[in-house]
Amino acid sequence: MKTPVPDYLLEIRDACSNGDAGRLADYIPELAAVDPDRFAVAACTMDGIVYTAGDADAEFTIQSMSKPFVYALALRDRGIEAVLEKVEVEPSGDAFNQISLDRETGRPRNPMINIGAITTHTLVSEPDATQDDRDEAVRQGLSAFAGRELGVDDAVLDSELRTAFRNRAMANLVRAGGIIANDPDEVVRGYTRQCAYRVTVRDLAVMAVTLATGGINPVTKERVVSAPVARQVLAVMATCGMYDAAGDWMSTVGIPAKSGVSGGIFGALPGQVGLGVFSPRLDEHGHSVEGVRTFERLSHDLELHLMNTTVTDVEAVRSVRFDEISGRRTFRLQGPMTFASAEQVLRRLAEIPEGPSEVTLDLSRVSSVNASARRMLLEAMTRLSADGHVVGLADPGRRLPRPDLGDGTRPVNRRAAR
Ligand code: GLU
């Protein structure tokens, strides 16, 4: 059988074609020269499989879609706190090129609008790095997200530098306000270069999924940023990524995303998928018309909205077996262990009559245990043990940290359960 996913993507692409609605960005002269009819879609799975439709290997410049990734690099290099001291994370509700500074602190509102992205650019690398060092760190970082060496489109870079009056004004403004200490012209050159990297929709999908996995590029297997950094970036994309259309986007599409004036949009759904779309005609917010339609359609058809509630009626405790002879109770758990499911388990364990008795937790059907569930289950084992029960653990997938107990089915003693 041939997987139907590529056919589905092709169908979506055809269904979302929108004739000649929208217009090409023209404030960067070189961008107005692209073929307006190009339209491609790509999706990358959590294990690094890329599906595409359309001209998936045709390049375009990354533009503002570089902002979340460079924000990630700044967070990685300086730490979340230090970056927050320079750039806030409040949606501005303004267009990408508005001068949105906090009235009191003078800090840019968020790293997705230009003034915030220009400031964020200065936070990549060490504080004493030169602009060349920073350019190289951005090149390496964006390439690590994409899983291949990316190159700059010099024609677009030159074209934009010749017309970057507004961005220069903003760099001077944050310099005057003491938010950055760098030479504003150098920073604008670096920021404009960052926007001029050439990517494909395939790259966008891989870069996106690298955020969705919590920072690991599933194609190269490289950890590019830490999980807390990836989460911070996704959160800021969700609230600020689509500029003055962010609220509408979050309610209709519900996928953390970022657009660029070149006509690309990428979206990252945590734990599920990375998506990239390219079609250069833009709407009044500066988002690709066909790109927005494609995301709306994908979100609807594939139920990708972040706020969809997946209520499972699967009991966290699959069964409790009571062995008359030994008096042992075996709690067979199942599914992913999160706060909600671990709480169900704790409630059942609390019903065990006073000890001493034998209690075994069987995790062989548990698919994952997150950190909160891990703490909850370990605390339950410690408490049962303190109450005089002999606690056993069957955990072939090694989902819980524990001492070496041979086959893992032997009782855990009081000390070991701690
Ligand atoms: N390089 C563009 C600028 O700074 C990016 C804008 C965008 O893609 O929204 O004006």
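Quick reminder: no glycine exception, Cβ is built from N, Cα and C everywhere.
TrEMBL entries are annotated by machine, without manual review.
Feature annotation from TrEMBL assigns substrate binding site to S64, N114, E160, N167, Y191, Y243, V261. Contacts of N167 (substrate binding site) defined by a Cβ separation under 8 A and a same-chain sequence distance of 6+ are given as N97, N114, I118, V188, Y191, T192, in order along the sequence.
If you look up TrEMBL, you'll see 318-394 marked as domain 'STAS'.
The region 'Disordered' feature in TrEMBL is assigned to 393-418.
What TrEMBL records for 396-407 is compositional bias 'Basic and acidic residues'.
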Candidate with sparsest Cβ neighbourhood (10 Å radius) among Y191, Y243, the listed binding-site residues: Y243
Sequence-distant neighbours of V261 (substrate binding site) in its chain (C-beta under 8 A, six or more apart): A25, Y27, I28, L31, Q63, S64, F96, L282, G286
Close-lying binding-site residues around ligand 1 among S64, N167, Y191, Y243, where CB distance stays under 6 Å: S64, N167
Counts of helix, strand and coil residues, the domain 'STAS' (318-394), according to DSSP: 27 helix, 33 strand, 17 coil
Chain-internal residues, separated by at least six, CB under 8 A from E160 (substrate binding site): I28, E30, T192, C195, A196
All-chain count of other Cβ atoms within 10 Å of S64 (substrate binding site): 22
